[in-house]
Structures are given as structure tokens and as C-alpha cells.
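First the structure, in the form of C-alpha cells, and then the observations on it.
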Amino acid sequence: MDLTEPKLAEAPPATGHPKQLYMLFFAEMWERFSFYGMKALLLAYMVTQLKFDEPKGYAILGSYAALVYTMPLFGGMMADRFLGYRKAVMFGGILMSIGHLVLAVPEDWSFFYGMAFIICGNGFFKPNISSLVGTLYPENDPRRDSGFSIFYMGINIGAALGGLLCGYVGQQINWHYGFGLAGIFMILGLVVFAIGKKSLKEGLPPNPAALRKPFFAGVPTEFGIYAAALLVIPAIVALFNRYEIMDFIMFGLGAVSLVYILYIALKLEAEARNKLFAALIMIVFSTLFWAFYEQNAGSLNLFAMRNVDMHVAGFELPALAVNNFLPPAWVIALSFPFAWLWPALNRRGKEPSTPLKFGLSFVFLGIGFSVFYAACLLGAESGLISLPAFILGYFFIICGELCLSPIGLSMVTKLSPANIVAMMMGIWFFASAIGEFLAGKIGALMSVPENVVDNPVLSLPYYADIISKIGMYSIGIGVVLIVLVPLIRRLMSDVR
Ligand code: PHE
């Protein structure tokens, strides 16, 4: 008998959650603190400090964010086949910590290297820590969904604090201190995990012998995987230096995955095939959602610095901190009413179906951008929009996020055949990667010429025009999706 087994994991309290959930909650909270803290600074740092022209800044930001969410496809696969979740999270966390520390080095070379370490590290960390949450509950445990909601809360508390503190320190005090602060909290997250991981029951390598097997010249497979990941880092740096190639990579990978899933679908029997088609339609739409939504970490950072009136009671609030605090703060605030709303509607038989929620998410997003646009019209004379309007716009945008992001995850698990659920999760993140890449392209349309950047009256129209179009297209796409609801529901058969 193994006496070291943690007691709580064997007999979880009937109403509470396994204590390991809180360890994963804090590890992920600090990791997201550093991830979003650094992302808050990225574009503004490139444009105002490294003096990249704006289209290049947007292209690099889009490429960074796209690669960050492409790597989980590989990190997830490596964990499933060889490393197990725990080793993968540790390795990813170490790479991310190194990346953040490199970014804090005040030299030009450090920038692309720091981002490349974070990209690789995130590929091992992010998907696998989420999978670990899943291992805490037996298959049909009713606490599973609420466990994930608590975990999503940790993500957003970290993101809100990171955006606020790193945004403030980076913009107001010193950019490299901002990056360094992010690094310190990443290390804290890693320490929480390193100490807490012993209490986990699952997540060990699926086949330890395979890990020890020599992979090349007597080097065990485990170290082969780490070495391969390290080799990817200079390749990513090279890509940043030739970012035009990213178009081929992202659209190429996108086309290949689409064709591959269609191929899998065609081999299934009718009902399973239709369900997978339904999932695919919603995944493709989600790409567009993220392309619009992610203006937050891109164009809206520069917009907040230049064209939002940040004065409150004689104080000037730091624009980057405000812009990056607002979305996760709204997620935290709105999670509670949404957690109440869906079951309440359900009891009356009026809960919207998943495709309808997706349609509504675009409508909300479009309303949010329309609020920004209306504020631009009102602020044309001063070149500044009011802070309350900026806050209100984000309220609607986040209502959109809550109709799509958490719902998408469970949609993927319900509509995919059991043997490809993990891969479809990777594809769900990959769809957001393509969205992030498109977001960079849309952001570049809002590039403001050098001689205008310090004059809000002249810079405002550059944003207002595209913001109004995002609002219109988003509402239009929402309407198309709502029209498609009966068709998608038929494909979904018994799944709601
Ligand atoms: N913001 C959430 C997170 O960081 C959800 C999300 C994941 C959004 C991936 C876009 C892409 O986990």
C-alpha cells in the first residue's frame, strides 16, 4: 500500500473541489499575469522604443500571438505521447521564465529571443495545465464544469493584475522593468507548480520506458524532445526577421488542418460526421471573432494612448494599464451574472443553443465597437473619446467573449469523436492563432503616419474608420450565423 498518496484526492468532499485545483489555479494565474503583462507592453514598446514603423509592429505582434497559439498543437501532442502533462508544464514554465528574463535585458537582440522562448514555452505550458484540470474529475463528475469556471477565473485575475501592473510600470517607469516584473511572477507560478505537482495523481509520462529509449546517439527521447524545442527558438527568431513568410505558414497550416479534418469527417458515419461539420463551422467563425476581439492587445493599445481621455478627477490614468485591465476585469465581473443567466433561462426552456450564442457573440462584439465609433463621432473636435464610453464599449465586447470562449471549449468536447478530442482542442486554439494573425493585419489598417501621432484630432479618423467597419462586419456576421442556426442545429442532432 502506498501511504504517500494524498488523502484528499482519494475522497474528494462531495460539494467542494479537489485541493489540487487551487494549486493549478495559482500556477496558471501567475503565468497569465506574466503573459498578459508582457503582451500589454509589446506593441507600444515596438512602436515607441524600437521605432518600428506601425505596419511592421502589427505584423510582428500578429506573428507572435499566432505562433503562441499554434505551438500548443505540438506541446499537447508531445505531452500525450511522451512527456505527460507534469513534465510538459515544468519544461514550458522554465522556457517561459527564461523568455521573460531575456526580455528584461535592455538590449535590442534580446527582444526577438525573449518572445521566441515564450512562444515555445507556452506551447508546452498552456494546453497541458488545462488538461491537468480535466484529470482532477472522473468522467461524469458534475463538478467538472464549475472546476473549469474557477480555473477561468484564475486566468482572468492574473490577466487583470498583469495588465494593470506591468502596463503601468512599463509605460510610466521603465519598459524593461515592466518586462522584468512579468518575469518575476512567471517564476512564482513555476515555483507554485513545482512544489504542488507532487500532490497530483495524474499527469505522469504515459510510457516511461519510451522516454528513456535512446533517440539519437544514445540521447534519451526525453532530452531529444527538449533539444528539438530549443532548436525551434532560433528558427522563430529567423522568422521574425523575415515575417512576410508568416502568411504562407499560417494560411498553409490553416488549409492543411481544414482539409485533414474534412478527410477525417468523410470517413465517419453520418451522425458523427454531421456533428464534426457543425463544430467545424463554428470553429471557422471563431477565427473571425478573435481577429476583431484581439484589436484589444493591438490597435486599441495605441488608440488608448492617443485618443482616449484618461483624465479622472485631475489625474491622468496610464493608458496601457487601463486598456489591458478592462477586458479581464469585465470577464471577472460578468462571469457571475452569466453563470446565473444560462441555467435560469434553461429552467424556462429558453437557453440559447450553442450556435445561437456564437451568433450573439458577434452581435455583442459589433455593438461594443459601435459604441467606440459613436464616441469617436462625439469626440471629433478634441480628438479624444471619453473614458466611460471606452469602458462601456468593452462591456459589450466581453459579453461577446462570454457567449463564445467558454462555450466553444465544451462545444468541441461534445461534438468531436472521442478519439480526436485532444486534437480538436488544439485546433480550437489554432483557430484563435489564425484570428490573432488576422488581427495584426486589421490593426495595420489603423497605422497612423509618423507626423500625425502626436495630434489626436488628426489621428482619430484613422481609428474611427476601421472601428466603424469592424462594428458593422461583426453585426453582419452575427446575423448570418443566426440565420444558419437551424441548419447547424440539424447537424448537431441530439447535442444542444
Ligand atoms: N483569455 C483566455 C486565456 O488566456 C482565453 C483565450 C485563450 C482567448 C486563447 C484567446 C486565445 O486563456
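Quick reminder: no glycine exception, Cβ is built from N, Cα and C everywhere.
Unlike curated records, TrEMBL annotations are generated automatically.
What TrEMBL records for this protein:
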- 20-496: domain 'Major facilitator superfamily (MFS) profile' (DOMAIN)
- 58-76: transmembrane segment (TRANSMEM)
- 88-105: transmembrane segment (TRANSMEM)
- 150-170: transmembrane segment (TRANSMEM)
- 176-195: transmembrane segment (TRANSMEM)
- 215-239: transmembrane segment (TRANSMEM)
- 245-264: transmembrane segment (TRANSMEM)
- 276-293: transmembrane segment (TRANSMEM)
- 325-346: transmembrane segment (TRANSMEM)
- 358-380: transmembrane segment (TRANSMEM)
- 386-409: transmembrane segment (TRANSMEM)
- 421-446: transmembrane segment (TRANSMEM)
- 466-488: transmembrane segment (TRANSMEM)
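Here the transmembrane segment (421-446) does not touch the transmembrane segment (325-346). Their Cβ atoms form fewer than 3 pairs under 8 Å, with each pair 6 or more residues apart.
By the Cβ criterion (distance under 8 Å, sequence gap of 6 or more), the transmembrane segment (245-264) is counted as touching the transmembrane segment (58-76), at least 3 such pairs being found. Packing against the transmembrane segment (276-293) from elsewhere in the chain are residues 258, 261-262, 264-265, 268, 354-355, 358, 361-362, 365, 369, 397, 400-401, 404, 408, 411-412, 415-417, 424, 427-428, 431-432, 434-436, 438-439, 442, 470, 473-474, 477, 481, 484, 488, 491-492, 495: each is 6 or more residues past its ends and has a CB under 8 Å from a CB in it. Contact between the transmembrane segment (358-380) and the transmembrane segment (325-346) does not hold: fewer than three of their C-beta pairs are under 8 Å, each pair 6 or more apart in sequence. Count of Cβ pairs under 8 Å against the transmembrane segment (386-409): among 58-76, 325-346, 466-488, the largest is for 325-346. Each residue in the domain 'Major facilitator superfamily (MFS) profile' (20-496) has a pLDDT score, and their mean in this model is 94.
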